[in-house]
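Working notes, beginning with the structure itself.
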Amino acid sequence: MNMYYRFLISELQKDAMKKYRVFSSIACVFVFVSAFIISTSGLHVHVDDLPTPVDGLSWTFYKETCPDLEDIVKSTLEQALDQDITQAAGLLRLHFHDCFVQGCDGSLLLTGSASNPSEQEAQPNLSLRARALQIIDEIKTAVEASCSGVVTCADVLALAARDSVAKAGGPKYPVPLGRRDSLDFASESVVLANIPTPTSNLTQLMSIFGPKGFSLTDMVALSGGHTIGIAHCNSFDNRLYNTSTGEAIVDPTLENSFASNLYSICPAVNDTVNTADLDVLTPNYFDNSYYVNVQRNQALFTSDQSLYTDSTDSGDIVDSFASKKTVFFKKFVLGMVKMGQLDVLTGSEGEIRSKCSVPNPTSSSYEEVIEPIVSTGKRSRSGHVHSEL
């Protein structure tokens, strides 16, 4: 690192010291108070406030076949999150990465092999939380004990993501159910084409969200999921270093004291060990402070900051969400419910996996899917033949 950049970073750190002492005190008080209000602050959204589900999904899908499903999911999940609330972000991310690649079909939960790597081995998914995947398995086991062979892994994942948001202080909302599990997973190229990168600008973000039916407001609202969670240094070090040479740079859209703090967390380029909170104010509390951070040029990712710097339209949405949490919550719920219905398998498509990490062995349930080859020749989006509904 040359002398100029050493001097520049030193000056940033000196300038930031007093600010961060005050900021840290305020943040600690804020988090302390949040611990008392987290259980009562969430917004409740009702079925009447949401669009009609897509064909094949229903608000009451398991009413007769597994009436205690949502209680089982919630109680099992809460046991896990009471031990480690940070897993809420991991579970929310699992649902997003599942739905945006090949639809909400639980394909992300499947494991592969050295010769046939799964979606989990694709670069955007390498940092998925192993514990979050284990929690899904634990929930599925509890559900199977009560309702064997009835509830899909895709639905378990949708419910777990919803309940994780609520547990962290976010909105409570109904989830339409009836998704079926895929028989296989997507290739790495499909994953790469459908998961936005942290270095994306606004145009690149909308090139992925737009074709899936999301508006600019939807995209900005779903980005608010970054109000909880962490990120490894190498996912945002493009704002701190020339990633080719390792020379320190200063992203002009980074607030000085925030940049200084990030340099102390990430002292070198391509650090895959150290992490920073996505929301510096309330990292484990689901609120609208993410948008306040964006306003202050204290967003971690280029993709997050681009919401404010790349367009006045998206910037206005950020302002509205930052000023009123209930506005953000309502739009977030609409975005989540829409996302949870992307390219779903329903009816006789796919299967109901017994274990989320592997397809069922060839059996009667699997044969129901492959038998119609002779009669219809129809193929699902995953490449498997299925009967017409």
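Indices start at 1 and increase along the chain as displayed.
Using N, Cα and C of the backbone, Cβ positions are placed for all residues, glycine too.
These numbers come from a predicted model, not from an experiment.
Record check: TrEMBL places Asp279, Thr282, Asp287 at the Ca(2+) 2 site, and the matching candidate among Thr227, Thr243, Thr326 is Thr227. Using a 10 Å radius centred on the Cβ of Val101 (Ca(2+) 1 binding site) and all shown protein chains, the other Cβ atoms total 26. Around the Cβ of Cys266 (disulfide bond), a 10 Å sphere holds 22 further Cβ atoms from the protein chains shown.
Checking Cα-Cα distances from Cys356 (disulfide bond) against the recorded positions (Asp98, Cys99, Ser107, Glu119) with a 10 Å cut-off leaves Ser107, in sequence order. Apart from Thr227, Asp279, Thr282, Asp287, the residues listed for Ca(2+) 2, the same chain places the Cβ atoms of Ile228, Leu281, Pro283, Tyr285, Phe286, Asn288, Ser289, Tyr290 within 8 Å of the centroid of those Cβ atoms. The local packing around Asp287 (Ca(2+) 2 binding site), expressed as other Cβ atoms within 10 Å of its Cβ over all shown chains, amounts to 25. Shown are the binding-site residues Asp98, Asp105; the one with the most C-beta atoms within 10 angstroms of its own C-beta is Asp105.
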